[in-house]
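Per TrEMBL, the features are as follows:
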- Glu75, Arg76, Val121, Val234, Trp494, His495, Pro534, Gln535: FAD binding site (BINDING)
- Cys431-Cys486: disulfide bond (DISULFID)
- 280-294: domain 'Glucose-methanol-choline oxidoreductase N-terminal' (DOMAIN)
- 1-26: signal peptide (SIGNAL)
Amino acid sequence: MDLGSMGFLKALLVAVYALHPNFSHAETAPNYSFVHESTKAPPVSYHDYIVVGGGAAGCPLAATLAETANVLVLERGGSPYRNPGKTDKGNFLLTLSDPSPDSYAQIFVTEDGVYNHRARVLGGGTVINAGFYSHAETEFVKESGLDEALVNDAYQWVENKVVFKAPLLQWQTAVRDGLLEAGVLPYNGFTNEHINGTKIGSTIFDMNDHRHSAADLLEYADPKNIIVYLHATVTKILFPTQTVGSGTRAIGVIYEDALGEKHTAYLTNDSKSEIIVSAGAIGSSQLLMLSGIGPRSQLEPLGIKLVMDQPMVGQGIADNTLNGLFIPSPNPVELSLLSTVGISLFVNYIEAGSGLNLAPSFGWISKFLLSISDQTTIGSFFDTRLNGGIILQKVARPLSTGHLELRSTDPNETPKVRFNYFQEPEDLRNCVQGMKTIINVVNSKAFSKFRYQTISTQQLLNVVAALPLNQRPRHIDTASSLEQFCNDTVMTFWHHHGGCQVGKVVGEDYKVIGVDGLRVIDASTFSFTPGTNPQATVMMLGRAMGVRIQKDRLLKEGFKNQPIGNSSNG
């Protein structure tokens with residue numbers, strides 16, 4: 001056997017060993033020996049891969065790469081395991097409303113006047129979201145350039161660890177049947193596929209309502225090959241001082257620990273080593289700009305040295321809108337989050353939750369509602385737990401997009417973000433259609449058990465219109481015009497995307513255009529959010545791209561002087 005064949009056999013055996021989950025010598029969450037506070041990090045370190053952001057994409061990506069290479073993960077937040085139960089299903093709203101400096105969700109307000117959140121915790125958005133798990137549409141997979149078999153394998157890899165069939169109890173059943181009665185057809189039963197009609201999906205909450213997250217996917221990692229630092233805020237990506245413009249190469253990052261001490265992590269002196277930014281739609285664009293890759297007009301006034309004038313960084317950023325109704329119930333409701341979904345492709349998605357705990361600071365809502373309504377049942381609906389539920393609609397593919405701008409060179413400060421909600425008339429039409437569907441569900445015979453017949457849907461609209469759900473102005477016709485209602489009561493669905501889009505900032509391989517050794521792999525690369533809720537696809541993308549990058553590296557090592565063949569399918 002010649003040396004070339006030996007090299008191929010070695011690479012193949014390593015790849016099979018690495019990619020087969022049964023060969024793993026992994027550890028079990030939360031008892032990871034490789035997760036540490038960044039205050040314990042050395043001043044300087046060297047790695048094959050540096051992953052910035054341990055979120056929905058970063059965790060599966062790092063876990064995969066760590067099967068065969070040395071990986072550093074830098075996460076600006078803390079551990080999701082430090083307070084068991086805090087992120088369980090019933091505490092969804094409590095987690096989002098936590099204002100403490102080290103909360104899992106960083107609160108900010110967009111330039112549009114809409115309250116919003118950014119995840120800052122190992123596991124990212126999967127630690128603070130509503131848990132619904134559903135695949136992307138076929139179109140998204142084709143546009144991503146990923147091989148369909150690789151995508152399916154990656155979804156299964158995720159599902160083996162963190163996904164469960166969503167329960168279907170009374171409230172969710174009533175919503176399902178109400179959707180069918182309202183004409184959201186056909187009924188597709190339980191499925192993870194993204195298809196038109198009404199279906200039951202999956203969830204990352206187990207049968208005990210305990211949350212699982214992308215952080216659990218680190219169980220797949222080889223603990224000898226990975227280190228994760230928490231409260232590690234990357235301040236900039238490093239480039240050789242003598243190179244500016246297209247063709248420059250990323251060589252490392254500078255990050256600060258919780259005490260403000262600076263550390264430097266370099267890539268090993270290897271052309272295959274890479275920095276991979278997975279900091280989310282806002283964080284990834286922000287970091288590129290702080291590092292000198294972005295619009296010259298933004299960077300130079302802040303004194304940021306320009307590495308490459310890239311005007312599309314931070315552009316095309318979008319958010320899916322949320323509007324809906326709170327429905328008080330005369331009968332007890334179960335605790336539920338997003339089990340049933342009504343899908344009108346390219347238009348809107350209808351989802352629902354019930355029986356959630358409210359933050360202590362939400363007690364004022366009860367008194368406020370009592371002051372504007374004679375219906376004491378509405379006031380009692382908002383106490384410490386929702387005695388009823390919420391039916392929401394999400395505009396599926398918003399055409400309205402915006403941009404972000406740096407406020408300063410402080411990486412901890414959220415940039416100015418403007419999503420331009422409902423700037424495009426079609427988005428507003430889709431919202432109005434979704435609200436009409438919600439009203440039809442509430443008025444349906446199937447849902448009658450969970451609504452007071454003495455409270456009209458117009459009164460429910462009045463209540464939402466009167467609530468300070470955002471900082472946007474109200475109008476005299478907010479509750480009487482569904483168009484104005486959508487505009488005035490809009491909230492976020494937390495599905496931020498864009499800012500580093502494929503074809504504009506990164507190529508189809510997610511490599512930053514014009515820069516070597518640097519990729520962006522997360523929702524910032526999307527032109528629309530996949531599926532009803534994107535977390536499944538973001539986790540899948542992290543795994544799939546990890547496999548592709550890993551395979552390419554192994555093949556290059558095994559075929560240094562021989563043709564590799566077609567490895568584009570990963």
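The backbone N, Cα and C atoms fix where each Cβ goes, and this holds for glycine too.
Curation does not apply to TrEMBL; its annotations are automatic.
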Mind computing the max CA-CA distance among Glu75, Arg76, Val121, Val234, Trp494, His495, Pro534, Gln535, which the record assigns to FAD binding, rounded to whole Å? 25
The DSSP breakdown of the domain 'Glucose-methanol-choline oxidoreductase N-terminal' (280-294) into helix, strand and coil residues is 11 helix, 2 strand, 2 coil
My understanding is the cutoff is Cβ-Cβ under 8 Å with a sequence separation of 6 or more in the same chain; which residues meet that for Trp494 (FAD binding site)? Asn116, His117, Gly125, Asn129, Asp319
Are there any residues at least 6 positions away along the chain from His495 (FAD binding site) with a Cβ closer than 8 Å to its Cβ? List them or say none. Asp319, Asn320, Lys394, Ala523, Thr529, Asn533, Pro534
Mind giving me a neighbour count for Gln535 (FAD binding site)? Other Cβ atoms within 10 Å of its Cβ, every protein chain shown. 29
Rounded to a whole number, how many Å is the Cα of Gln535 (FAD binding site) away from the Cα of Cys431 (disulfide bond)? 22
Tell me the Cβ contacts of Cys486 (disulfide bond) under 8 Å, same chain only and six or more apart in sequence, or just say none. Thr321, Asn323, Phe422, Leu428, Cys431, Val432, Met435
When the number of other CB atoms within 10 A of each residue's CB is tallied over all shown chains, which of the binding-site residues Val121, Val234 has the maximum? Val121
Within the chain of Glu75 (FAD binding site), which residues six or more apart in sequence place their C-beta under 8 angstroms from its C-beta? Gly53, Gly54, Gly55, Gly58, Val121, Leu122, Val228, Tyr229, Leu230, His231, Ala232
Would you mind listing, in sequence order, the residues at least six apart from Arg76 (FAD binding site) in the same chain with a Cβ closer than 8 Å to its Cβ? Gly53, Arg120, His231, Ala232, Thr233, Val234, Ala279, Gly283, Pro411, Asn412
